[in-house]
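Peer 1: Sharing a structure, written as structure tokens. Questions coming.
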Amino acid sequence: MDCNCFDPLLPADELLMKYQYISDFFIAIAYFSIPIELVYFVQKSAVFPYRWVLVQFGAFIVLCGATHLINLWTSTPHTRTVAMVMTIAKFSTAAVSCATAVMLVHIIPDLLSVKTRELFLKNKAAELDREMGLIRTQEETGRYVRMLTHEIRSTLDRHTILKTTLVELGRALQLEECALWMPTRTGVELQLSYTLHHQNPVGFTVPIQLPVINQVFSANRAVKISPNSPVARLRPARKYMPGEVVAVRVPLLHLSNFQTNDWPELSPKSYALMVLMLPSNSARQWHVHELELVDVVADQVAVALSHAAILEESMRARDLLMEQNVALDLARREAETAVRARNDFLGVMNHEMRTPMHAVIALSSLLQESELTPEQRLMVETILKSSNLLATLINDVLDLSRLEDGSLQLDVGTFNLHALFREVLNLIKPIAAVKKLFVTLSLSSDLPEVAIGDEKRLMQILLNVVGNAVKFSKEGSVSVSAVAAKSESLIDPRAPEFFPVQSENHFYLRVQVKDTGSGINPQDIPKLFCKFAQNQELATKNSGGTGLGLAICKRFVNLMEGHIWIESEGVGKGSTAIFIVKLGIPGRLNESKLPFMPGLPANHMQMTFQGLKVLVMDDNGFSRMVTKTLLVHLGCDVTTIGSGDECLRVLTREHKVVIMDVSITGMNCYDVAVSVHEKFGKRYERPLIVALTGNTDQVTKENCMRVGMDGVILKPVSIDKVRSVLSELLEHGTVL
């Protein structure tokens, strides 16, 4: 039977309805929570552009949620199929809505952070754009600076540097005008020296004490100045709006500020002024990078000007140095010419003076050995003393000349040191005996008997020093002592340049000559070693001397790496002369090239050479006659000739000695000596050859020994000298 009532719901259908109720409830909650979250997002996001869309979307969701909420109270029974479909749909909507609401909770903070980073990146991008613009500006500035630096440093001419600077700055900065004001010589004004467009006449001046100039000079960077300031009035007077003007200082180098170490000094008060003007009637202003460019260019110009100034000064110094070098070279050549002329003159005068002196001394010595009255003997002795003094003067002048031009060299050899002191004493004693002076000699036990050095020069020093002691002592004694100096006794504070160095192969000889004579004023002691210097208070008419002895001694001592000085407490208190010389120590006693001859025995002084055949070769008849007279007086059989060719023609084995003058004309005497050696092949057949010369230089002696001569005799000679030479020749076969 049919009825109009609904079938009662099964338990399963009731369960589905409960699920729909639950789904509608959660859908409504989700729809209501989503707008709340959107409102929170809109409030926190300051950059979201479409807020009205979110408001509309929120309203739609709220209405949907309300619909589902109403379904909780308006639902009616449906068929099972419809109920199943609605249940699945609502359940799916509830799941999706809840998932969306939950996802928004987690997404909104991420969205907010994305917007924040976007804003940060936009700001960074804008900052990077500004930095890139600055970098591009700096690169452009650097390019201009490099270009300008290259231009101004490609020349060292200051005018080119300054003109190039103005042109390049005007081109780089698009300037209307650019000018350079330079300080005047007085330093109280600035003068318009260079302009870009020559709108103002160069030479216009302004006072350097203007406030605007002081302002620029006191700043270390470019300074904006008024377009109406005196240094900026470089454009024609027109009715326009002048552009901005900047000025910068340019340090200048003072050429007078060169120091002793040749490094220039920059004066902080010397500047040039550079003025730069932008175009008129424009709104353009100076940018920071442009001012930096001006500062850098000003510094580069200062450096370039400094280099140019240094170059100019160095070129002037070079020119001056070249002029001085030319003058010095001319003076050197003139001095060398003068030295050569002096040496030539002295050489000629030496020979020409020794030739007549040879005759005077030789004949006077012969006359002295004849029978004379006391008055005649006194006159002859006076002639001999005066002649010997003149000969000593000649020797001193020549020695001093060679010492000064450096041509004199020591003749180093092995000699008997003790015998040298005894010979000096034997030569001095006769003179001292006349004045009744007591002369003593003291040689230390450690003083080597044999030494290596210049025997002749050492004897000359001793004779000069001891001779002075005897000369200026009227009574009393003269003591001579010699020791091998120890290290502590070598140092003398008066001679800081004297640095003795001890070694196993050398020793220092210290000689002290003390007298009781007239003494010396201590203030006059340094003068004694000067040329032609004498103690005027003590020099007498009878003392003689030239004032060259000690000057020559000092130079000889210096050549021997020594030192000489004189001590005296004053006039009338005596004096002490001390000198130190460096001598060598021979390895063997027989190392001497030629043995030392301390002197001839007494019997030699009276011996004759009866029948000894001697050949004398001299082109000067007067000198030839004098030499022959001396030899004849000694008993020799003398043959005289005047040329080398004649000598070779006349010479025989019977001739035992040949005495030849070195200065003969015609055939060279050295060639004659060589020819004599060739003529007589065996040593015992050939005669002994002795050179007679007036030349005192070492070269002459070396040339004579080189060609095989057996000795050299220096004019003038006396009868005793000839006797001594012949004795040494016959006994030793050589003459020292």
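For all residues, glycine too, the Cβ spot is worked out from N, Cα and C.
Small disclaimer: the values here were computed from a predicted structure and weren't measured.
In case it's useful when we look at the structure, here is the feature table from TrEMBL:
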type	residues	note
TRANSMEM	19-40	transmembrane segment
TRANSMEM	52-70	transmembrane segment
BINDING	C64, H68	Cu cation binding site
TRANSMEM	82-108	transmembrane segment
DOMAIN	348-585	domain 'Histidine kinase'
BINDING	N468, A469, V470, K471, D515, K531, T546, L550	ADP binding site
DOMAIN	613-730	domain 'Response regulatory'
MOD_RES	D661	4-aspartylphosphate
CROSSLNK	K715	ubiquitin cross-link
Peer 1: Provide, as an integer number of angstrom, the distance between the C-alpha atoms of the residue listed as '4-aspartylphosphate' and L550 (ADP binding site).
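Peer 2: The Cα atom of the residue listed as '4-aspartylphosphate' is 32 Å away from the Cα atom of L550 (ADP binding site).
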Peer 1: Determine, to the nearest whole angstrom, how far the Cα atom of V470 (ADP binding site) is from the Cα atom of K715 (ubiquitin cross-link).
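Peer 2: Checking the Cα atoms of V470 (ADP binding site) and K715 (ubiquitin cross-link) gives a distance of 27 Å.
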Peer 1: Which whole-number value in Å describes the distance between the Cα atoms of N468 (ADP binding site) and the residue listed as 'ubiquitin cross-link'?
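Peer 2: Given the Cα positions, N468 (ADP binding site) is 25 Å from the residue listed as 'ubiquitin cross-link'.
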Peer 1: Counting Cβ neighbours within 10 Å across all chains shown, tell me which of the binding-site residues C64, A469, V470, L550 comes out on top.
Peer 2: A469
Peer 1: Between the Cα atoms of K471 (ADP binding site) and the residue listed as 'ubiquitin cross-link', find the distance and write it as a whole number of Å.
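Peer 2: K471 (ADP binding site) to the residue listed as 'ubiquitin cross-link', Cα-Cα distance: 26 Å.
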Peer 1: Quick check on the recorded positions D515, D661: which one has the highest count of other Cβ atoms within 10 Å of its Cβ?
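Peer 2: Of D515, D661, the one with the most crowded Cβ is D515.
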Peer 1: For a quick check of understanding: among the recorded positions K471, K715, which residue's Cβ has the most other Cβ atoms within 10 Å?
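Peer 2: Neighbour-count leader: K715.
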Peer 1: Restricting attention to the domain 'Response regulatory' (613-730), give the mean pLDDT.
Peer 2: 84
Peer 1: From the Cα of K715 (ubiquitin cross-link) across to the Cα of A469 (ADP binding site), what is the distance in angstrom?
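Peer 2: Pair distance, Cα basis, whole Å: 28 Å.
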Peer 1: When you rank C64, D515, L550 by Cα distance to K715 (ubiquitin cross-link), which of the binding-site residues ends up on top as the closest?
Peer 2: L550
Peer 1: May I have the DSSP-based helix, strand and coil counts for the residues of the domain 'Response regulatory' (613-730)?
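Peer 2: The composition, in the requested order, is 52 helix, 25 strand, 41 coil.
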Peer 1: Rounded to a whole number, how many Å is the Cα of C64 (Cu cation binding site) away from the Cα of L550 (ADP binding site)?
Peer 2: 140
